[in-house]
């Protein structure tokens with residue numbers, strides 16, 4: 001059973017209506033007139049970070065990837081629960097938590113601590129959404145496709161071995177809140193811009209037509225490698241053609257009526273992997 | 001840094017008011033006039049279950065231990081998020097999830113899937129509380145101390161190698177809801193009845209005076225071993241002396257004004273470990 005088959009099997013379980021058929025990164029829970037956004041991501045040694053990584057960075061990344069999922073919904077974080085592992089240098093883990101929780105004004109709600117090696121950490125983030133909660137399947141033919149910030153900095157940091165951009169991504173919470181009321185579809189870019197754009201397009205029943213020259217690439221990064229590498233945690237969004245984003249963002253293409261493939265780069269279907277595919 | 005030091009360090013972080021200073025198993029989140037209960041527990045191969053355990057049982061236990069924390073708050077589950085690992089026999093994991101989610105009418109909200117070995121699974125459970133949310137620190141001198149069901153069945157199952165009681169604990173959700181409006185303090189019994197009773201008493205500023213002969217022990221189990229073994233997931237509660245529980249429960253003792261130690265068994269301080277102490 002591979003991951004796709006496993007997720008298909010999970011879809012046969014009793015699902016909450018807010019689980020959206022497990023087609024999104026987050027769940028919505030309507031309660032008391034409010035809409036909560038819930039997300040859970042785990043990161044494991046040897047899979048999401050290298051053995052020997054400073055526990056400060058593990059803590060930052062663990063929380064950041066979950067806050068990034070809230071950002072894509074335009075949600076304001078209410079708190080996080082941490083599934084922590086008591087690792088060597090746990091003091092640094094606490095300091096990393098302190099840094100990101102303070103930076104984004106997110107309180108710790110609780111969690112659990114275990115001792116296990118190699119370590120797998122979990123985080124559940126809870127946010128409060130506004131009136132509009134963007135999904136990845138709301139894009140329409142004719143929409144412009146945009147991405148915040150630049151892509152490739154995480155790749156460059158990883159390859160240079162300093163890792164700040166790779167290990168300490170900055171979730172686009174303010175940008176997500178500013179964009180949510182206006183966009184048709186939005187998601188964070190975790191597995192590669194081209195792959196995530198193809199997913200947004202496919203979910204929306206469209207094709208993403210992207211111009212390679214338009215990609216906002218970090219200085220020094222190869223555009224195609226940057227666009228297929230992932231871990232930048234920028235926001236990708238589809239909005240009406242005449243929408244002017246209130247945040248720093250670059251228009252990278254257009255959603256069109258569905259073609260044979262979900263993504264065209266300079267008019268052709270790429271013959272290389274679009275990003276990081278989970279096995 | 002050991003677990004106690006780690007948790008002490010976590011308490012210096014920005015905490016949500018509902019985190020209760022990380023002194024409880026759950027957090028409360030007041031939103032839109034409702035009170036949500038949130039809990040996160042992880043279980044790891046080699047720590048919480050033996051290598052080779054049927055993934056059906058891993059799934060059941062993963063969800064059950066979290067629902068048990070909701071039960072102690074008298075909460076009704078709204079859903080769970082699962083941090084899953086793609087293990088050998090993942091079909092059985094899905095079937096175990098189906099069994100417990102169906103049994104307790106809990107929908108799946110979402111989660112994450114990773115591939116890592118040895119496996120560490122996470123679960124976040126969310127519930128809706130009633131007007132009364134019992135804490136572990138609300139016990140008062142003069143309260144009677146009670147426990148639901150029997151203790152020791154998990155130990156006997158573990159030792160016999162069949163493991164049904166050990167691996168498929170039954171969270172006392174209905175009992176928790178029935179008791180919550182009436183008790184002064186409540187918690188689930190996960191680490192050993194005597195240890196958990198001493199924690200409830202200590203948090204409440206009392207001493208738990210327990211009579212060994214009163215312990216409701218599963219047939220065939222040694223009372224002292226059963227009372228220090230854990231994993232039964234019964235509910236321990238303190239209630240006014242004249243309270244008659246509406247559920248199957250046994251009175252095991254009394255809370256008294258604080259003495260030198262948090263727990264007395266037949267009038268003496270035990271000279272053996274009270275339960276499973278995390279290192």
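Just so you know, the numbers here start at 1 and follow the chain as drawn.
Glycine is no exception: its Cβ is also placed from the backbone N, Cα and C atoms.
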Handout entry: Site co-member for substrate according to TrEMBL, given A:48, A:276, out of A:222, A:231, A:232
Key = A:231
Practice task
Check each of the binding-site residues A:111, A:136, A:276 and report back the ones whose Cβ is under 8 Å from some Cβ of chain B.
Solution key: A:111
Handout entry: For residue A:276 (substrate binding site): intrachain residues, at least 6 apart, with Cβ closer than 8 Å
Key = A:191, A:192, A:195, A:229, A:230
Fill in the blank from the handout: Students should find that the Cα atoms of residue A:112 (Mg(2+) 1 binding site) and residue A:188 (Mg(2+) 3 binding site) sit apart, in Å rounded to an integer, by 27
Practice task
Rounded to the nearest Å, what's the C-alpha distance separating residue A:231 (substrate binding site) and residue A:41 (Mg(2+) 2 binding site)? Just drop the number here, would you?
Solution key: 14
Practice task
Just name the most isolated of the binding-site residues A:25, A:69, A:112, A:191, A:231, going by other Cβ atoms within 10 Å of its Cβ.
Solution key: A:191
